[in-house]
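Asker: Taken from TrEMBL, the feature domain 'Phosphagen kinase C-terminal' applies to B:27-258. Residues or ranges marked as ATP binding site in TrEMBL: B:30-34, B:95, B:129, B:180-184, B:211-216.
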């Protein structure tokens, strides 16, 4: 299963549920819930207390069957120190774990469902971080799934929980629900019209965090943004999601409006940009990761607005993953590639994919 | 015949004689001879003496049959004041006459052979300027053709000729042979490697003139340069051509060397540039004339170096003409197009031509 997770360009939760029609499904790429949990009577991960680290890992190994019983999926436990550096980086590039987990440290593992819709980081900042992912805007479903997993684990081991503060976590910013809900949005029209920066500022002022999925803030590569809640105390999981959902729907509306503005503006200039991006992706012999994501973003928007034929619903999502440096190395079957070898290989992968 | 000359993108003298193989034929696009002549006992054109202007024009009208007898071609006389501004500009863009002839002035005409290999400007700076054109590096053939036409005209009307100085011309820089020999060269590799500027300086110091065919000097659009002799006194026509031929062969050698350097250097970077140029030409929805010529130059070099399949021997030569502003307007059937309409139409013309 590890091979499948490493090799597949597209995790099943990222596959479009609605391959052609719905414009919204192309704006909100995915939804994610993360719950930070720690076990009672064990030291926090950052204390580096070997017995506790070991205990956490073995507990998680012990609950695989319970997890399967909870949601019917096959689970496996991947010991991260048994992976190569590239393999760990791929799990990071695929958003199955955080960049911190890319380092080679003992007793770290990833518990992952066969369809990659659940990934539990073991001994990251907290003892466990349960993550559930859904394609499109489906925070509620992701939360239900996360709580199911959460309950299943709690039925086997007690969490560190305080009546007044809620779940106790290594970093005080997570105390309370321990929940971070987030969505990955493709906002090319807002980036093109320049409205994105003002929107990011307002959303940040409302207490949400906005990050480029690759790259930060307005430098978001491929115009992909991740929006998440920051507050975890004094508000329930349900309310957090309801409020975040409103913010996301507002952003989607703004993106739709920006797309309308492009439609009603100098549309030929837009067509020119889209077709040139397509031509470059189809023919370039060298592509940097940054350029590839930018061109892919233009091409996806071009497909959404009917300039390009809908090449394949998932070509954008897929290439966004495939063109990342480590995935690319793995794909090429070479553990170490120079940046320039990667640029050549990236161009080839993109050409081949577009030719299909 | 005027329609044919105006409408055909490629004058027959510009068609490659050697469609696929010979690299030299793709470096030297064409050769041209121009002879400046004035008739005895008539005032120079710049004196604006109506009787003389009229006399010159009617004499030329009278020699059409003689010209046909001389080289077997059909000739016609085009009165320039009967053409639209766009039509006159097309004749300029096709290098059948000089930019000065683009103005609407009385008694100006163009005597032209059916295959456009001979074009005689009537009442330009001199009474007549006989021009002959050949595809590839064929200065000698062009000279022989020009002299044949010259003799035919002289058999009917006396030229202003002085035993000591030679042919008398309106501008002293043409006195002597009255001949300007020139060749049109495509030098993309020398431009790419930056060697072109030093070469232009040396050639200029040797007494030759180097101009961009469109645009000046190192700004030469499409990397097309026109090299011609400057000296017309104290040297015979034959010697002028022999010496110019040496300079041109040297330039061709340098271009071939620069192409070898590209082949032996970072060839993938070159392939990347060529394929991107091809992709842009194939897909862009707007192209400026300058961008089109630059991309076409890259694509032609790519075909010459085997990166792109030899699309069609004449696609470069043809599109270099077709994408010029006035030809484009005529092609679109619109006398007046805005710059932006032209950019859209230019992109369409290029796409359609490449799709063939």
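Keep in mind that glycine also has a Cβ here, set from the backbone N, Cα and C atoms.
Please treat TrEMBL annotations as automatic predictions, because they have not gone through curation.
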Asker: Only counting partners 6 or more residues apart, tell me which same-chain residues put their Cβ under 8 Å from the Cβ of residue B:129 (ATP binding site).
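Answerer: Counting only residues 6 or more apart in sequence, the Cβ neighbours of residue B:129 (ATP binding site) under 8 Å are B:34, B:35, B:36, B:37, B:120, B:121.
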Asker: If you count Cβ atoms within 10 Å of the Cβ of residue B:182 (ATP binding site), leaving out that atom itself, what do you get?
Answerer: 24
Asker: Per 10 Å Cβ neighbour count, which of the binding-site residues B:30, B:211, B:214 ranks highest?
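Answerer: The largest 10 Å Cβ neighbour count belongs to B:30.
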Asker: Using DSSP reduced to three states, classify residue B:129 (ATP binding site) as helix, strand or coil.
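Answerer: Note: residue B:129 (ATP binding site) is in a strand by DSSP.
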